[in-house]
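Over in Swiss-Prot, the protein carries these features:
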COMPBIAS  15-36  compositional bias 'Gly residues'
MOD_RES   ARG13  omega-N-methylarginine
REGION    1-40  region 'Disordered'
REGION    369-410  region 'Interaction with CUL2'
REPEAT    87-154  repeat 'Kelch 1'
REPEAT    199-260  repeat 'Kelch 3'
REPEAT    261-319  repeat 'Kelch 4'
REPEAT    320-364  repeat 'Kelch 5'
REPEAT    365-403  repeat 'Kelch 6'
Amino acid sequence: MSAAQGWDRNRRRGGGAAGGASGVSGAGAAGGGRGTGQLNRFVQLSGRPHLPGHRPPPARSGHRCVADNTNLYVFGGYNPDYDESGGPDNEDYPLFRELWRYHFATGVWHQMGTDGYMPRELASMSLVLHGNNLLVFGGTGIPFGESNGNDVHVCNVKYKRWALLSCRGKRPSRIYGQAMALINGSLYVFGGTTGYIYSTDLHKLDLNTMVWTQLKPNNLSCDLPEERYRHEIAHDGQRIYILGGGTSWTAYSLNKIHAYNLETNAWEEIATKPHEKIGFPAARRCHSCVQIKNDVFICGGYNGEVILGDIWKLNLQTFQWVKLPATMPEPVYFHCAAVTPAGCMYIHGGVVNIHENKRTGSLFKIWLVVPSLLELAWEKLLAAFPNLANLSRTQLLHLGLTQELIERLK
């Protein structure tokens, strides 16, 4: 544990924003391969660090990421190791005030130069992708809990420009470790911590009117979810589901989950169904969560004793838990994960060893659905012709590539 994290733990109730606890962790190696054998199999991506000007991002935790068909976007993060975080070249040490993209087609990392004001709350913020726009809310700087945010920053990844949304209404407190989802044109924000107390507050930002509203559910206080941070949320358009999370001294169970009903404005408690032989997933916080239609996938995290390396699927219609036949090569927490529209999940960074306070910069991918024939053919083509992106648009069209595939090369 770093001195900053120890200070944070001892000084207040609120949790750390990017790692730090006690326990053990495991690590391993990763293999590769293409085709249907990739389903439920982690593949480590080394990138192309030999290309000039294309170093990979340093190891970090507490960052967030999103993905489209073409890129993985990684924002922010924290690493108390002075050398690993860039040494004298990093003016924001131990934070990373930077935006990276990993280009799937070429395997190249690129630190994006942007205009406008990039937020300084760089640990345990919330991040969603809305069209070409990254929407960033909340987060904290250093010391954790002393410089929190409650603004919504927008970065258009096409024009590489940051802007601040001008919002009215009852906005959330300055928090970090909250969870956020984009549902029917509105941002919903639940939970988090100020650094002193944990929250059960639920807020909604209408992106058409730019008005914040604090939602007041029709429940007794005893029926509300427990206060928490570093949880994840999923939704089906009618309900928002709260998955895990905790405080600096506990992690919440996944046997039962709370769901906020958007139609009735009330919290409900839903009993999930265990895996037939294994039971329920372990309680956890600081895990990752991605969603494909009605299937929700949680990965990694910390249960108060060990760093977890498992991956589970929850169906939002049956509430059945299924443990996938895959184990993370590096069990992590305070990592980030995102899924592409095609169903491939990417996992980056996180804390891999608590005692040594060690972070990783590793990037892994895993197909959560059977890849389509188009995706299989695309991966085969990129493997056979790694310099395809260097050809002109005219040459690519002449080779028979569609406009959609050509866009994924740029």
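Note: Cβ is positioned from N, Cα and C throughout, glycine not excepted.
Since this is a predicted model, take the numbers as computed values, not measurements.
Shown for the region 'Interaction with CUL2' (369-410): DSSP residue counts in helix, strand and coil, namely 27 helix, 0 strand, 15 coil.
According to DSSP, the secondary structure content of the repeat 'Kelch 3' (199-260) in residues is 3 helix, 30 strand, 29 coil.
Sorting the repeat 'Kelch 1' (87-154) by DSSP state (H, G, I as helix; E, B as strand; all else coil) yields 3 helix, 28 strand, 37 coil. Helix, strand and coil counts from DSSP across the repeat 'Kelch 5' (320-364) read 0 helix, 25 strand, 20 coil.
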